[in-house]
Each structure stands twice: as C-alpha cells, then as structure tokens.
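Okay, so here's the structure we're looking at.
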C-alpha cells in the first residue's frame, strides 16, 4: 500500500511542482493546516489512556497489560521516527505527511471494531508507527515557514491547538467510553470519529500544502545507510543535542506513565465524568501553556540570547514537579482542589517544548532535512527508553505495590489507589529531578552550537 501510494506520487511530482507556487495559499494558512495535522495526531494519541478503564472491563486485563498497549504504541512511534525523517530525502514531505494521516486513520478504524487484546496490541504498533510521521516533518515545515525570532510563538500556538484537541478527545472519551451511543459502545464510536478526522486531514494536507515545502534532494553518491551515519555524526558533534537527548530520556518517562492518570482518578472514586473533568481542567492549563511557554521562550531569548530558552525550560521542569507532587499528595481532597492543582501543573510543567526544545532544534541545525532527521533521532532515542520506563514500569510497580484486579471492597480499592499513587510518584519525581540537572549545562553549550550552525549555514 505504502509503495503504491508513493510510487503514484512520484509520477505527478514534476507537473505539480511547476504550478505549486501559483496555486497554493499563504504561508499562514499552510502553517495552520500543518498545525491541524499535528492536533489530530495528538487527539489520536489521547484515545488509548482515556479508554483504559473500558479496556479493563472489556478484556479483563490489569495495569500490566494496559501498560503493554501503551508501550506498543510508544515504542513503534519511537522506532519509526528516523524512518520518516530519512524519507524526506526521497519523497516530498507533504506526501509523507498525508500518507501518515491516511494510515493511522485506517488503523484506528480497525481498533474500533475489535475486542481482542492481540488485535489491539498489533494495531497499536501500526498506529504508533504511522503517528510518528507528524513530528519530524511538521517540525521541518514550521521551521521553514516561520522566522527564527517567532518560532517560539509558532510552536506555542501549535502546542496549544494540539492540547485543545487532545483534551477534548480525553474528556469525551473518558466520559463516554463505557456508555452506549446508538446501541454501540461509546469508545468504539469515538474511535470511529477520530479515524474519520484523520482521513479528512490526509486530504487537507494533500490538497493545501505545497508539494515543494521542505523538500530536499538525495545526497549524490551516498546510500541510505551512509546518509544516516552522516546525520548521526553531525548530531553527536553537538553537545546540546546530547544534553537534549538526556533531558528528554529522563523527562519523558513521567509523561509516558501518565497514561494511567485517567485510570488513577477513576480508581480514586471519581466518576467517569468527574475524572474526565479533572483532566479537562488540567488540559485548559496545557492549552494556555503552549502560547505562554512560546512567548516566555521568545522573551527570554531576547533578554539572554539562546541561554534564556534553557532558563525557561528549567523553570518549567521544577514547577511541574512541585504541582504534580501536590496532585498526588492531595488527590483524595475535594474535586475542585484537585482540578485546580492539575490546571497549575499543566500550565507550568509543559512549556519546555514550545519555549525551548522545538526552537532550539531549529537553531542548532539549519538544513530542513537535517532538522527533521536530527529531531527524529532525538525523539526516537528519548521515546524508546522512556517508553520502557514509563507506562510499563508504572504498571509493574503498581502491581508490586499491591494492586489487585479482584479488589472488591473499600479496603481493597484503597490499596489499589495507594499502589497506583506510589507507582506514579516513583516514575516521575526522580526522572524529573535528573532532567532539570541536564538543562543547566545547556545554558553554555546551546549558544555555542547555535552560533556554529549559523556560521556554517552562511558560509555554505
């Protein structure tokens, strides 16, 4: 299927490229389409955690198996990232992005019709691999569309839009997953709706994004493997990239484990709707965090060129630790207290991407293809390790701390809640502390790497 699609695309590339400059709309509209594709990607990713409770009831599986589903999607996502990034040398990024949207829409539709754990596990592998197309290619496109001094704001808007759609997806799915809609399980209907949105997004990308955006020609005289070795060597020579990977590996572990948050609040005694509302109010903070982080990152960058972005990211990690600990410590308090703390946690603890990481990747590498490749390599290394140490580890720890699938009375439920709380704190506090430490040396390494990259670009 993939080969046929890309083969057909190559037959029309020359004719399409001749007319693209006159037929495609403004850069702002193109940027909006790319951001929308990223947002639908985020909505699809949010489906699995929001249906953990429904999956437990449907397939009679515990945290370990639920963690395995999350792991399958995360590990496939991470492994596929370098593949999609490398394909930009051989196929138009627009066509790759449209193909990814088409594939994950089709696989999500298959999930909506299945009740088998094995089928869900296999489809999670395929969905994860398809979702991986958005990150490297979307990053490259936005960096080419937006000037350097505005990238923080652009990535902030992207994060906020992604947060809006992800939180709507989380709220609706958590609230309705175990309900019946038109005689069908609610989660099946919601999966079908998101699958349809993905297919529409594929058409939108194909019809609205210029064919030559972020396109680059293969390096003559180099095989695919030689090209990958060159990119790895380029990345390894930049200390900032190494620190970005290290902070990502440690800081990403908690976020993978947070697939259990809806499940945790439901186990805490909150109804499905209340659990969804807590996550939704937290999501409001995430929506604001994208723009807030982007603006803060750009402001800090103007006050303290380059190193200011690292300071903004360090603040975000520390504040996120404080508020998440408060959420776990007082999760059995009043609904509104927990919702408020979740809002503050998402508002302060999630702006590292828009304030620092995305703009930094655009600064330390100037070439569009190399940007996508290095971003893909960074996120792949981060994702593989944090996927193993995130949701699967949280599931295993919760069972080690005494979680029981057959806990029926209040005492047993209380033990389950305590086990989940300990597991989530265990996989979040220590990794975040190490992550914060890795941001400190970047205050000095990042300005040097960005300056060297700019000099190499202008001398080329």
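Using N, Cα and C of the backbone, Cβ positions are placed for all residues, glycine too.
Owing to the predicted nature of the structure, the values given are computational and were not obtained by experimental measurement.
Features as listed in TrEMBL:
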- 30-444: domain 'Major facilitator superfamily (MFS) profile' (DOMAIN)
- 96-115: transmembrane segment (TRANSMEM)
- 121-142: transmembrane segment (TRANSMEM)
- 154-177: transmembrane segment (TRANSMEM)
- 189-205: transmembrane segment (TRANSMEM)
- 240-258: transmembrane segment (TRANSMEM)
- 278-297: transmembrane segment (TRANSMEM)
- 309-328: transmembrane segment (TRANSMEM)
- 334-353: transmembrane segment (TRANSMEM)
- 374-395: transmembrane segment (TRANSMEM)
- 423-446: transmembrane segment (TRANSMEM)
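Remote same-chain partners of the transmembrane segment (96-115), defined as residues 6 or more beyond its termini with a Cβ less than 8 Å from a stretch Cβ, comprise 2, 5-6, 34, 37, 40-41, 44, 47, 58-59, 84, 87-88, 123-124, 126-127, 130-134, 137-138, 141, 187-189, 191-192, 194-199, 201-203, 205-206, 209. Across the candidate stretches 121-142, 189-205, 240-258, 278-297, 423-446, the maximum count of CB pairs under 8 A to the transmembrane segment (334-353) is reached by 278-297. Under the criterion of 3 or more C-beta pairs below 8 Å, with sequence separation of 6 or more, the transmembrane segment (240-258) and the transmembrane segment (374-395) qualify as touching. Confidence annotation: the domain 'Major facilitator superfamily (MFS) profile' (30-444) carries a mean pLDDT of 85 in the model.
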